[in-house]
Structure formats: C-alpha cells, structure tokens
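Let me begin by presenting the structure, written as structure tokens, before commenting on it.
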Amino acid sequence: MGTEFIDNVSSSHEYHDHEKELDAGALFVLKSKGSWVHCGYHLSTSIVAPPLLSLPFAFASLGWWGGILCLVIGALVTFYSYNLLSMVLEHHAHLGRRHLRFRDMANDILGPRWGRYYVGPIQFMVCYGAVIGSTLLGGQCMKAIYLLLNPNGAMKLYQFVVIFGGLMLILAQMPSFHSLRHINLISLLLCLAYSACATAGSIYIGNSSKGPNKDYSISSDKETQIFGVFNAIAIIATTFGNGIIPEIQATIAPPVKGKMFKGLCICYAMLSTTFFSVAISGYWAFGNQAEGLILSNFTQNGHNLVPKSFIFITNIFTILQLSAVAVVYLQPTNEVLERTFADAKSSEFSTRNMIPRLISRSISVIIATTIAAMLPFFGDINAVIGAFGFLPLDFVLPVIFFNLTFKPSKKKPIYWLNMAIAVFFSVLGVIAAVAAVRQISLDAKAYRLFANV
C-alpha cells in the first residue's frame, strides 16, 4: 500500500512537471482529468458507432461462418492490440515521457520522420474522414425522417447535411476531450437504444410475411466473390477501428496504470452486445439483400415494414449518437488547431484563445460539412481511407510498438504472434484498399456533386 502511494505521488509530480512544458493543444484539448469510467465512455463512442449498422451487409459477402469468424477475430485482435498500445503508453509514462498523441509515440519509438510523415497524416485523414462520414450519414438519417413524414417532399440531401453541420458547429466548441464525458455517456446509451431497435426491427420483419425471402447464397461470380470478401473484411475492420487510443488515454488523470484496461472492458461489453446482435439478426432477416445500412431494409418499395414511429425513433437515436461520434473524432483536429493558434501561457478561456478557437473550429466544421454535402458518395472514399488508415493504426502499429518497446525474445510466442498480426493485417490493408478503389471505379458513373441520393 505504501509503495503504491509513493508511485502515485511520483506519477503525479512527473505529470505536473511535464504539464508545464505542454503546448496549447495538449494543455487545453487533451486535459488529463478523467477516470477509467470516462475513458470507457470515450472508447465506446469512438468504436461502438453507427457503422455497426453495416455489419449485416458485410455478412452478405462472407456468409454465416465467415461473418461470425471475422467478427470474433476482429474483436479479439483489436482488444489485444489496444491493450498492447496502452501498456506501451503506461511504460513510457512510468519513464517520465507520457505520450499524449499517436504521433508522439511514433516520434519516440520509430523516429521523427515516421511521426511527421506517416502516422500524423494518416491519423488526421482517418479522423477527419470519420467526421465527414458522420456528417453525411447524419444528413441521410435526417432525410429518411423527412421522407417518412413528407413522402413527396422536395428538400435535397445536401440541405440536411448542412442542418447536421449546424449542430456540429455548436458541439465543436466543447473546449476539451474531457468535457465530452457526459455527452459520451449519453452516446453510449443511444447506441444501445438504436442497436436494440435495429435488432428488434430485423427480428420482427424476419418473422413476418412482409420481409423478403431469406437467401444466404453468395455471388457465383468469382471476381465479385473475392472482392466482396475483402470489401466485407475492410468494413468489419473499419467498424472496429479507433485511431485515437493515445489521445483517449491522455484524458486519464495520473497515475494511468490499469485504467485503460478497465475502460476497454466497458467498451467491449458494449461492443459484444451490439455488434453481434445487429449483425446476426440483420443477416438472418434479410440475407444477401441486406443494405449498406440495415435501417434502409426497414422500408421496401416505398412501404414501411415496421411502424412509422419505430423508424422515426431509431433514426433519431442514430442522428444524436452520430453528432457525439463526429465531435470525438474532431478532437485530433482541434488539438492541432489549438496548438497552432492558441497561447499556452494565456488562460484557456481568455479572449486571446477563445476567438481563434471559435473561428478555427467553425472553419474546420464548415469544410467537413461542405465535403459531405458535395460528395454523397464519400462512403466509398472512406473505405479507402479506412484501409490505409484504420488497419495500420489499430492492427499493425500497436504490435510493432510493443515489440520495439519491450523487445520480447524471439523464442517467446508473443513475439511471433505480434509479427504474424503485423504481416497479415498489412497485406490485408493493401488488398482491402484495392477492393475499395475497385468499388469506386464501379460506382463512378453514378457520382454527381451535391447528388440527392
């Protein structure tokens, strides 16, 4: 007990000494004040998000056994790799070099060029891509509600994207990652709510005569089948993706030891409940006719297969959680903006810092909203970003960081397990990127700026 107290005091002193040297981005956006419970909220919002509604669509290319196997492997590998990443962060914090950002880890472990020219840029692309994708999906859910209430309405998709962007303008002004803890608790409950709705709706339709005939066959065309499998694996990998583990761990008050593991347990309890229930029930009900977003299957040829109020409330839950997801993935961008424009020596809420914060964050959201409105096919582009971004950040780099930091003997299984994960998911990332680019080429004929899809 005495040793633990001394370690805690030592860690606290190290943190306060380090705090004096922090830049404005780390000092204001990545405040280290949270508990492991708050960490669980942040993790759940960043991972257990509306992309899970695409899992039945991924199952349509993989079949029952392939889909369930990929889901189990994705859960096991990401839980393992996120824990390895946390252990590396804890190790460096104990040595007095607490890393608050992914690129800081890469700078220290791989060298400054890796942090500046590889990890930093791909993390920014992944996170800003998630903000754009969430804004687009939010607009699509708003349009679905509008057409539900007014089937002959004339409003276009880009108008709803702009409305969602207006909500994001307000949320983007939340000063720090830690300040999102209450929003992310609500987000966690919203995710449980719409996942329960998606599962219940699928079971209801699957048991009724309204639903489609259940067909679980996979395409007989070999090329379509192969690319479909890799595209489905990329969807599942991206659904498990996070990309901001160091930034989330940065929100934990020192000492950090063991807290991230508890936070991950909250997150993966949520993940197990939602991912498997939505994927299995959706694929069972709709088979190979499962849409890219399972909620789209609840309406067929203009007819609602479930009560109108049920579709309405499910979309409301989804929209609200998407706003929380978008603001979480905006944090790395906010950190860069704060580091660039804020003065660490002035108060966080001084006029000197408030005005640049308001202007820069608003411009960031306006750009994301404009891209989402212009490119309603951004989901295809995001698949490429996910293959190049989420797979390296969440599957490959954590095991490499662990091996380089702790240097396990080549005689130990953990060394070869980590190397196998790194090689397999690196190859998978390249193939998934090719499959995503192929999908873009197939869909390119339908691309129109500001299209009303």
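In case you wondered, yes, glycine gets a Cβ from its N, Cα and C as well.
Taken verbatim from TrEMBL:
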{"type": "DOMAIN", "residues": "33-437", "note": "domain 'Amino acid transporter transmembrane'"}
{"type": "TRANSMEM", "residues": "62-82", "note": "transmembrane segment"}
{"type": "TRANSMEM", "residues": "117-137", "note": "transmembrane segment"}
{"type": "TRANSMEM", "residues": "157-174", "note": "transmembrane segment"}
{"type": "TRANSMEM", "residues": "186-206", "note": "transmembrane segment"}
{"type": "TRANSMEM", "residues": "226-245", "note": "transmembrane segment"}
{"type": "TRANSMEM", "residues": "266-286", "note": "transmembrane segment"}
{"type": "TRANSMEM", "residues": "306-330", "note": "transmembrane segment"}
{"type": "TRANSMEM", "residues": "358-378", "note": "transmembrane segment"}
{"type": "TRANSMEM", "residues": "384-404", "note": "transmembrane segment"}
{"type": "TRANSMEM", "residues": "416-437", "note": "transmembrane segment"}
- Query: Do at least three C-beta pairs under 8 angstroms join the transmembrane segment (186-206) to the transmembrane segment (266-286), pairs 6 or more apart in sequence?
  - Reply: yes
- Are there three or more C-beta pairs under 8 angstroms joining the transmembrane segment (157-174) and the transmembrane segment (306-330), sequence spacing 6 or more? yes
- Item | Intrachain neighbours beyond the transmembrane segment (62-82), with Cβ under 8 angstroms and 6 or more residues off its ends | 47, 55, 216, 218, 229, 232-233, 236-237, 239-240, 242, 245, 260, 264, 268, 271-272, 275-276, 279-280, 283, 394-395, 398-399, 421, 425
- Most CB pairs under 8 Å with the transmembrane segment (157-174): which of 117-137, 226-245, 266-286, 358-378, 416-437? 358-378
- Mind checking which residues reach the transmembrane segment (416-437)? Cβ under 8 Å, same chain, six or more beyond either end. 77, 81, 84, 227, 230-231, 233-234, 237, 380, 383-384, 386-388, 391-392, 395-396, 399-400, 402-403, 408, 410
- Message: Are there residues at least six beyond either end of the transmembrane segment (226-245) with Cβ under 8 Å to its Cβ atoms? List them, or say none.
- Response: 43, 46-47, 51-52, 54-55, 57-62, 66-67, 70-71, 74-75, 78, 82, 85-86, 89, 102, 123, 126-127, 130, 218-219, 260, 271, 275, 328-329, 331-332, 382-383, 386-387, 389-391, 393-395, 398, 425, 428, 431-432, 434-436, 438-439
